[in-house]
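The next block holds one structure in the form of structure tokens; read it before the comments.
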Amino acid sequence: MDVFYYLVFGVMAAVVAALELSKSNKDRINTSSSFNSFKNNYLVVFSIMMAGDWLQGPYVYYLYSTYGFGKGDIGQLFIAGFGSSMLFGTIVGSLADKQGRKRACVTYCIVYILSCITKHSPQYRVLMVGRILGGIATSLLFSAFESWLIAEHNKRNFEQQWLSLTFSKAVFLGNGLVAILSGLFGNLLVDTFSFGPVAPFDAAACFLAIGMAIILTTWSENFGDPSDSKDLLTQFKVAAIAIASDEKIALLGAIQSLFEASMYTFVFLWTPALSPNDEEIPHGFVFATFMLASMLGSSLAARLMARSSLRVENYMQIVFLVSAASLLLPITTSILVTPSKVKDEGLSLTSSIQLLGFCVFEACVGIFWPSIMKMRSQYIPEEARSTIMNFFRVPLNIFVCIVLYNVDAFPITIMFGMCSIFLFVASILQRRLMVISEKPKAEDWSPMKERNSEVDPLNL
């Protein structure tokens, strides 16, 4: 493997370690032994679930290409996944509440295992079914597990402050350490042991089966509050009223949609960008490097948010501009460096520069997640939080589907340019959000709920 990969990975790991070790010790939260047992059980299960998801990510595009499918066909497969998530994402939460969160988590395992099995078939229709199943599983992953945790936490009468401890540990493990280890393990299976690009999907299925067994034997069932059961039309009506009543919520949703649309498009584009002539690249190792960059960004975000004098709204403008510039690198390198039409044995100069730029973008992603969560906690009313968040996933998935549908019609540089424009617009909207957030709020959520009740007497 090219020495440059090891160099980038090593430097990134050293910086992350330095940032973590240099942090001052904070006062620890005193918890009970029963809570620690509950928390550790959830963290084990969630980490296993995330491993099953992260193992697949770096090899989806590569597997489809080994089956002989072109960029356009692969784009349609990705569209099926995002479209499935868009359609089912708005209803899986309510289904989990009615049918049981534990049952929904088990369903996630079964559906995702079936999706992994379809990867053994080179037939396009079978792979399409797998992508649809994967979209359903993704919706369950980001709704059912969190819902079960919150309900079970409250049912056991644990302190509310302890819940944030579980979430922070879950993010660190599931989106950080597990992601890196999954990338390295996938690279070991595919490149070192030469088991082929389908091996990570088989490993993911094994992890999911283990996690499902733990859920079945250690988790209890819980359900949602029947008073919160609303049909889809009513949920969208509540979200629309909230957006129309507060410009900050609308801006926040637009910013989130623009950034995540660019992020998910990048997931599709980074493989062909780094191997324009179908060069062999260590997908798992590159993915692990990206996750290290994301952890670096998370460490920076923690330090930024700890400064009371610095508002999230201020520094996020810079983050969006930096991320926009980083995704412009494929365009600038294609202009400044003549693209090679010959398959290189190692990493080309253009790809090396782009790899560094992509690491910068992933660092921005690492800053984005905790920062957007903090802004959501400030501006989105708790009474309609999940509804509004699901509402803004619809334009996000529409953005991505449009991009992927036209991926074969435009050069890859055009696609990166569009993502860069999205991020630049997000920076402008972030500026507007900063300005209006400094003004006193005209009205709170309660009058808005009263107006909504007047519009729809059934919405209590």
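Backbone N, Cα and C define each Cβ position, glycine as well.
Unlike curated entries, TrEMBL annotations are predicted automatically.
Annotation source TrEMBL lists transmembrane segment at 6-22 (among others).
TrEMBL lists 42-62 (among others) with the feature transmembrane segment. Taking Cβ pairs closer than 8 Å, the transmembrane segment (42-62) reaches residues 74, 78, 108-109, 112, 116, 134, 138, 141, 145, 149, 166, 169-170, 173-175, 178-179, 181-183, 185-186, 190, 197, 200-201, 203-205, 207-208, 210-211, 214-215, 219, 267-268, 271-272, 283-284, 286-287 in its own chain, all 6 or more past its ends.
The transmembrane segment feature in TrEMBL is assigned to 74-93 (among others).
Cβ atoms under 8 Å from those of the transmembrane segment (128-150) belong to residues 42, 45-46, 49, 53, 56, 76-78, 80-89, 92-93, 96-97, 101-102, 104-105, 107-108, 111-112, 114-119, 163, 166, 219, 222, 224 of the same chain, restricted to positions at least 6 beyond its ends. Positions annotated as transmembrane segment by TrEMBL: 128-150 (among others).
The annotation transmembrane segment is assigned in TrEMBL to 162-186 (among others).
Nonlocal intrachain contacts for the transmembrane segment (198-219), taken as residues 6+ away from its ends with a CB within less than 8 angstroms of a stretch CB, comprise 41, 44-45, 48-49, 51-53, 55-56, 58-59, 63, 102, 105-106, 109-110, 112-113, 116-117, 119-120, 148, 152, 185-186, 189-190, 284. Per TrEMBL, transmembrane segment is recorded for 198-219 (among others).
The annotation transmembrane segment is assigned in TrEMBL to 285-306 (among others). Residues of the same chain lying 6 or more positions beyond the ends of the transmembrane segment (285-306) and with a Cβ under 8 Å from any Cβ of it are 1, 5, 8-9, 12-13, 15-16, 19-20, 23, 57-58, 171, 175-176, 179-181, 183-184, 186-187, 191, 270, 274, 312, 315, 355, 358-360, 362-371, 374.
Residues 255, 259, 262, 266, 273, 349-350, 353-354, 357-358, 360-361, 364-365, 367-368, 371, 412-413, 416-417, 419-421, 423-424, 426-427, 430 of the same chain, all 6+ positions outside the transmembrane segment (318-337), place their C-beta atoms under 8 angstroms from a C-beta of that stretch. If you look up TrEMBL, you'll see 318-337 (among others) marked as transmembrane segment.
According to TrEMBL, the feature transmembrane segment maps to 349-369 (among others). Away from its own ends, the transmembrane segment (349-369) comes close to residues 4, 8, 12, 171, 175, 259, 263, 266, 270, 273-276, 279, 286, 289-291, 293-301, 304, 316, 319-320, 322-323, 326-327, 329-330, 333-334, 337, 339-340 of its chain (Cβ-Cβ under 8 Å, at least six residues beyond either end).
Look at TrEMBL and you will find 390-406 (among others) tagged as transmembrane segment.
Sequence annotations record features per position, and here TrEMBL assigns transmembrane segment to 412-429 (among others).
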